[in-house]
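*Asks:* The structure under discussion is supplied below as structure tokens; questions concerning it will follow.
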Amino acid sequence: MDQETVGNVVLLAIVTLISVVQNGFFAHKVEHESRTQNGRSFQRTGTLAFERVYTANQNCVDAYPTFLAVLWSAGLLCSQVPAAFAGLMYLLVRQKYFVGYLGERTQSTPGYIFGKRIILFLFLMSVAGIFNYYLIFFFGSDFENYIKTVTTT
């Protein structure tokens, strides 16, 4: 790959790798809680603490493919830097959700709601990128250049 291509995706790759490390951390928490309660074997049922860790991890895993899809779509189709920043914010919010879920369930609600908003923002960035592509394709007008012109004046 040439440097320009790598430069266009490096921030997205960094956020993706950080999310992989975070998933490993969550899985380690589940494994640790399972072994604490059940000895050496992994079982899906157990104490309330294990149920909370397992459910929090499962909820994070359920939203993960959607996060990756909108992160990369927004970064490739619209702009890499805001998409990567939103991705980092999502990872911080997901961490807050996970830790909050282990305590009182009401502590996880702000993280959950803000995480949904970040995914919506990334989705809207993706739609804007697709819209801009078709504006250029059909009308020869680049909306992104117009936005840059307006914001710099």
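Including glycine, each Cβ sits where the backbone N, Cα and C put it.
As the structure is a computational prediction, the values presented were derived from the model and not from experiment.
Swiss-Prot feature annotations, pasted as is:
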type: TOPO_DOM; residues: 1-8; note: topological domain 'Lumenal'
type: TRANSMEM; residues: 9-30; note: transmembrane segment
type: TOPO_DOM; residues: 31-52; note: topological domain 'Cytoplasmic'
type: TRANSMEM; residues: 53-77; note: transmembrane segment
type: TRANSMEM; residues: 81-102; note: transmembrane segment
type: TOPO_DOM; residues: 103-107; note: topological domain 'Cytoplasmic'
type: INTRAMEM; residues: 108-115; note: intramembrane segment
type: TRANSMEM; residues: 116-128; note: transmembrane segment
type: TOPO_DOM; residues: 129-153; note: topological domain 'Lumenal'
*Asks:* Please work out the helix, strand and coil residue numbers for the topological domain 'Lumenal' (1-8) from the DSSP assignment.
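*Replies:* Taking each residue of the topological domain 'Lumenal' (1-8) in turn, the totals are 6 helix, 0 strand, 2 coil.
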*Asks:* Do you know the DSSP helix, strand and coil residue counts for the topological domain 'Cytoplasmic' (103-107)?
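*Replies:* Output for the topological domain 'Cytoplasmic' (103-107) reads 3 helix, 0 strand, 2 coil.
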*Asks:* Sort out the residues at least 6 away from either end of the topological domain 'Cytoplasmic' (103-107), same chain, that have Cβ-Cβ distances under 8 Å to it, and list them.
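*Replies:* Answer is none.
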*Asks:* Please compute the mean pLDDT of the model over the topological domain 'Lumenal' (1-8).
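*Replies:* Reported value for the topological domain 'Lumenal' (1-8) is a mean pLDDT of 82.
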*Asks:* Given a Cβ distance threshold of under 8 angstroms, which distant residues of the chain, six or more beyond its ends, lie next to the topological domain 'Lumenal' (1-8)?
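*Replies:* Sequence-remote neighbours of the topological domain 'Lumenal' (1-8) are 76, 80.
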